[in-house]
Amino acid sequence: MALHLGIITLLPEIIQGIHYGVTGRAIEQGLVKIDCWNPRDWSSRPYKQVDDKPYGGGPGMVIMYEPLHAAIKHARSEMKENCKTIYLSPQGKVVRQNDLKQIAAQKQSLLFVAGRYEGIDERIISHHVDEEWSLGDFVLSGGELAAMVFIDAIIRLIPGSLGHLGSAVQDSFMNGLLDCPHYTRPATINGLDVPDVLLGGNHKEIERWRRKQSLGKTWLKRPDLLEKVQLSETDKQLLAEFKCEHGDSC
């Protein structure tokens, strides 16, 4: 059965990009079903207005409770009963790969609420949102792009969505580390060579090299991740070799 994903958005046109690439193929294969609902369709105000000035004053506009609540209620009625409603905002918990794996494993319908303007009426968040997530400590013009990023990351974890079964497993962060470097033909170009070990055909040595590079890249670029990973004695040896090769103390 297809995973049902929904998006509440004032700009459904933005979401069309999700029908291309990996996510688009997953939709075509019937692995995922994606629907959008526009709160303007439930607005009773002139010109389908869905925003109003914030109580207490201040800049910007706030998306009103009534049309947004009606859109959420309608969307949930068309999705599975165990549908989870997610609001994407800078105030949410920053999502990590492990969070995405847990969410994907639940195989639960997900309804994403994409905010705009100064945000949405707080009563929606407190009474009609199950989880609040953020992509990081920065602000976007709306939640549509964040929802698409979230959905793309979820779809990659669905079996059959990628061309190779090992692609998602090898992604950065899947095992707590950054991915190893990748090369393709030609073996030499502009004086730059592919590492010999990748050309030799010794799969055991290739696996060892990739693990060492993964550990090393994590040490160079995201050392904070190493503090959260339990390294084996072999991992520690490989990391020590990498550090020595890159001018660190041997």
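Note that Cβ sites are derived from N, Cα and C of the backbone, with glycine treated the same way.
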According to Swiss-Prot, which candidate in GLY115, GLY163 joins LEU135, GLY136, ASP137, PHE138, VAL139, LEU140 at the S-adenosyl-L-methionine site: GLY115
Surrounding CB atoms that lie within 10 Å of the CB of LEU135 (S-adenosyl-L-methionine binding site), all protein chains: 19
Binding-site residues compared (VAL139, LEU140) - the one with the fewest other Cβ atoms within 10 Å: VAL139
Residues GLY115, LEU135, GLY136, ASP137, PHE138, VAL139, LEU140 binding S-adenosyl-L-methionine per the record - widest CA separation, whole Å: 16
Cβ-Cβ neighbours of GLY115 (S-adenosyl-L-methionine binding site) (radius 10 Å): 25
